[in-house]
Amino acid sequence: MEEQHYQLLDGKAVSAQMKKEMAEEVAQIKAAGGKIPHLAAILVGHDGGSETYVASKVKTCQEIGFKSTLIRFEEDVTEEELLRKVDELNNDPDVDGFIVQLPLPKHISEQKVIEAIDYRKDVDGFHPINVGRMSIGLPCFVSATPAGILELLKRYHIETQGKHCVVLGRSNIVGKPMATLMMQKSYPGDCTVTVCHSRSKNLKEMCLSADIIIVALGVPEFLKGDMVKEGAVIVDVGTTRMPSSITKSGFKLTGDVLFNEVAPKCSYITPVPGGVGPMTIISLMRNTLLAGKKAIYK
């Protein structure tokens, strides 16, 4: 048995620590007679993944001491009705931040809904104003998954300056913001960034030259052992629900990295589950706290 020389980037442990820090801060706000941060979430329909995420967000709010409101609509809600609710939350002074859980049903334009959210309450960081401010390095709400990954790298003191970072995936939610953040002029950042996607040629060569690989493709076990150099840092954003006869729920979460092959070559790697997932939720909570304190937008 060769000795394990990689270290886990333990999102579960880090998020628990951050939860504790935030709960203490909320207790202080409360003791001083300040306003308790309030997060609202809109959930449309009954998508299994969305139900799980939203339940987890509400539970974390309670654990930290935030106020939370869950607003449910049926699958057949009209776009107009949804936009009216968004407008109502925009104008509710008690709500500091809110999210609309994606994906939305086909008959509703996600972009239209995102753009209707007041960017000062857009704690998901999806509004074009927040995305734009992020890309030019201004204070903003950074979307939760990229923000969570940065915090994870920071708390493990991962060296990033001058390193080659390969981002696999170019989605607006993870790939693009991740690439932007990894090349910003601050820590963690200052990387040389390559973005690869389904149309990329020499993908294996790119990965083999990477010091840091952030995998956000949604393709289970895509990154294999022969694509990774010794000592690389691997961040696995993938969470695909795969059928499983072993688990109680009948499915297991599978990452985009073939863990057993890749881990032995790494210096650091995130597990799935327990890596990026918990960091995403805790980063949404941090954005809510910042919104409550008016720390980014007055």
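Heads up, the Cβ atoms here are built off N, Cα and C, so glycines get one too.
Straight from Swiss-Prot, the features:
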BINDING   G169, R170, S171, S198, T239  NADP(+) binding site
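Positions of Swiss-Prot features highlighted on the structure.
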residue	record	contacts (Cβ under 8 Å, 6+ apart)
G169	NADP(+) binding site	G175, V195, H197, I214, V215, A216, L217, G218, V237
R170	NADP(+) binding site	K176, A179, V195, H197
S171	NADP(+) binding site	A216
S198	NADP(+) binding site	none
T239	NADP(+) binding site	L253, T254, G255, V272, P273, V276, G277
Quiz item: In Å, how long is the longest CA to CA span across G169, R170, S171, S198, T239, which the record gives as the NADP(+) binders?
Solution: 18
